[in-house]
Amino acid sequence: MEKTSVLIKSKELMEIYELKDGVPYFKTYLSGQWISGDEWQDVISPIDLNIIGKIPKLNWNQIDDTLEHIYRKGRWSIRDTPGEKRLDIYKKMASLLDKFKEDFVNVLMINNGKTKSAAEGEVKAAIERLLRADLDVKETRGDYVPGDWSSETLETEAVVRKEPVGVVLSIVPFNYPLFDTVNKIVYTTVIGNAIIIKPPSSTPLPILMLAKVMELASFPKDSFAIITIPGRDMNKVVGDKRIQAISLTGSTETGEEVVRNAGIKQFIMELGGGDPAIVLSDADLAWAAQRIAAGIISYTGQRCDSVKLVLVEEEVYDTLKDLLIKELTKSVKVGDPRDPLTTVGPVIDVKTVDEWEKAIKDAVEKGGKILFGGKRLGPTYIEPVLIEAPKETLKDMYFYNKEVFASAALLIKVKNIDEALEISNSRKYGLDAAIFGKDINKIRKLQRFLEVGAIYINDYPRHGIGYFPFGGRKDSGIGREGIGYTIQYVTAYKSIVYNYKGKGIWEYL
């Protein structure tokens, strides 16, 4: 295997790091300044666990100064930039992402362990999200409220404005560092908020490159910053009163920790998932098997909307099981994501694979039967696993109760849709679900009772750029992400009431 290293060809992007002994030391961006560090954090490729770069480990004084600058100046700089200009900036960012596409694809492959097609897909999605910011604009409009619906408010009227809350902290996950950051930038700043971005410690490089793109696109320099500190040091930041809203994509445990420490703020959180796929007796089984297999193995299961439970009506269980095993056998090729034949690359780190192994052992000890995969092929490489799980012990299994961020699915035979509903809804998570079948009455009942944020009919769950809103119920999140839908969580409503009593403007009957 060829040793991993960061390959950046664009001169503009090469300005954000210095090579020392062959290792790139990246700077971070704090409100108009590129900052190096007194301390450094290693960035490790999941492909071979090689150190591919170092990023600054900021201290509290640096973060405090940045918060103060953005609170005092930056939140007004972005608000005073006309909306038309903000849209132009997004378009420039999209153009620059396209210009630097090769560099971003290479870094996503090396830093995230993504296959080339997956990395290209993320860059494409980021570009499309920037270009579709115009669809968010209509949600920045306010309302007019007449006063003649109450005797107390006769001869008055009000305008209800939607205003930016001020400063938004955006905490980005490791799995889609470029797209998720772009998405958070658009819905946060399109209405005029300043943004502070906390990149994932494991995959920060695409975000630091994006900061350069923002600078080149003339994004208001005082209005954004990238704070590179470990997640364990974030409690003081999330609790800071200068931050008015927090946007987080991450685990349920991280979300709970943020809520405990943040105080009174607005939240938008997309948290733990791992979705059920329900297969009805009249489903197109070949199609269902193909789509479910894709939902299990896509990005090695490191997606919040990855398929983790497969619930199959007993009449077609054996057939679906055989077809699913065949699809996995045909689809899975584990290896170096730089190899164009690879379909399943590495998991992000060793500890996640350790947890995956532990969960498999737990499932087998509780009566589970491995139908496919389940082998560890290296420190960060796995064979996606399919486990036949008995209903009697299912709810005691680690995989059922905890989202494991690697390819794994439990296959369960159910008598009917009521049993499928009970098993699905008994989990603490409620992000998405998939239903495969034709019976509209069964599908309609499942739609009504599934406690999830989105349901995909005859396909596996995937959120894309957010044309359709998504988000979790129960422990899977707060609020909804989606084009035009998320602005409400980073918005303050302000009612401005005009009193015209006795001015002769209205003559009521």
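Just so you know, the numbers here start at 1 and follow the chain as drawn.
The backbone N, Cα and C atoms fix where each Cβ goes, glycine too.
Its Cβ placed at the centre, Glu270 (active site) has 27 other Cβ atoms within 10 Å. Residues annotated as active site in Swiss-Prot, with similarity to another entry given as evidence: Glu270 (among others).
Less than 8 angstroms from the CB of Cys304 (active site) sit Asn175, Thr249, Glu270, Leu271, Gly272, Gly273, Gly274, Glu403, Leu431, Ser476, each of them six or more residues away in the same chain. Marked as active site by Swiss-Prot: Cys304 (among others).
Under the three-state DSSP scheme, Arg79 (AMP binding site) falls in the helix class. As annotated by Swiss-Prot, AMP binding site applies to Arg79, Arg86, Arg161, Lys162.
Arg79 (AMP binding site) is surrounded by 17 other CB atoms, counting those within 10 A of its CB over all protein chains shown. Residues or ranges marked as alpha-D-glucose 1-phosphate binding site in Swiss-Prot: Arg79, Arg86, Arg161, Lys162.
Taken from Swiss-Prot, the feature beta-D-fructose 6-phosphate binding site applies to Arg79, Arg86, supported by similarity to another entry.
The Cβ neighbour count for Gly464 (D-glyceraldehyde 3-phosphate binding site), using a 10 Å radius and every protein chain shown, is 14. DSSP assigns Gly464 (D-glyceraldehyde 3-phosphate binding site) to coil, not to a helix or a strand. Annotation source Swiss-Prot lists D-glyceraldehyde 3-phosphate binding site at Asn175, Arg303, Cys304, Asp305, His463, Gly464.
If you look up Swiss-Prot, you'll see Lys198, Ser251, Gly272, Glu403 marked as NAD(+) binding site. Annotation for Ser251 (NAD(+) binding site): same-chain Cβ neighbours under 8 Å, separated by at least 6 residues, are Leu271, Gly272, Glu403.
Within the same chain, the residues at least 6 positions away from Pro199 (NADP(+) binding site) whose Cβ sits under 8 Å from its Cβ are Val172, Pro177, Thr181, Ile207, Leu208, Ile226, Thr228, listed in sequence order. What Swiss-Prot records for Lys198, Pro199, Pro200, Ser201, Gly231, Ser251, Gly272, Glu403 is NADP(+) binding site, and it gives similarity to another entry as the kind of evidence.
On a Cα basis, Gly231 (NADP(+) binding site) lies 9 Å away from Lys198 (NAD(+) binding site).
Neighbours of Asp305 (D-glyceraldehyde 3-phosphate binding site), defined as other CB atoms within 10 A of its CB across all chains, total 23. Calculated from their C-alpha atoms, the gap between His463 (D-glyceraldehyde 3-phosphate binding site) and Lys162 (AMP binding site) amounts to 27 Å. Closest to Pro200 (NADP(+) binding site) by Cα-Cα distance, out of the binding-site residues Arg79, Arg161, Arg303, is Arg303.
Separating the Cα atoms of Gly464 (D-glyceraldehyde 3-phosphate binding site) and Arg86 (AMP binding site) is a whole-number distance of 23 Å.
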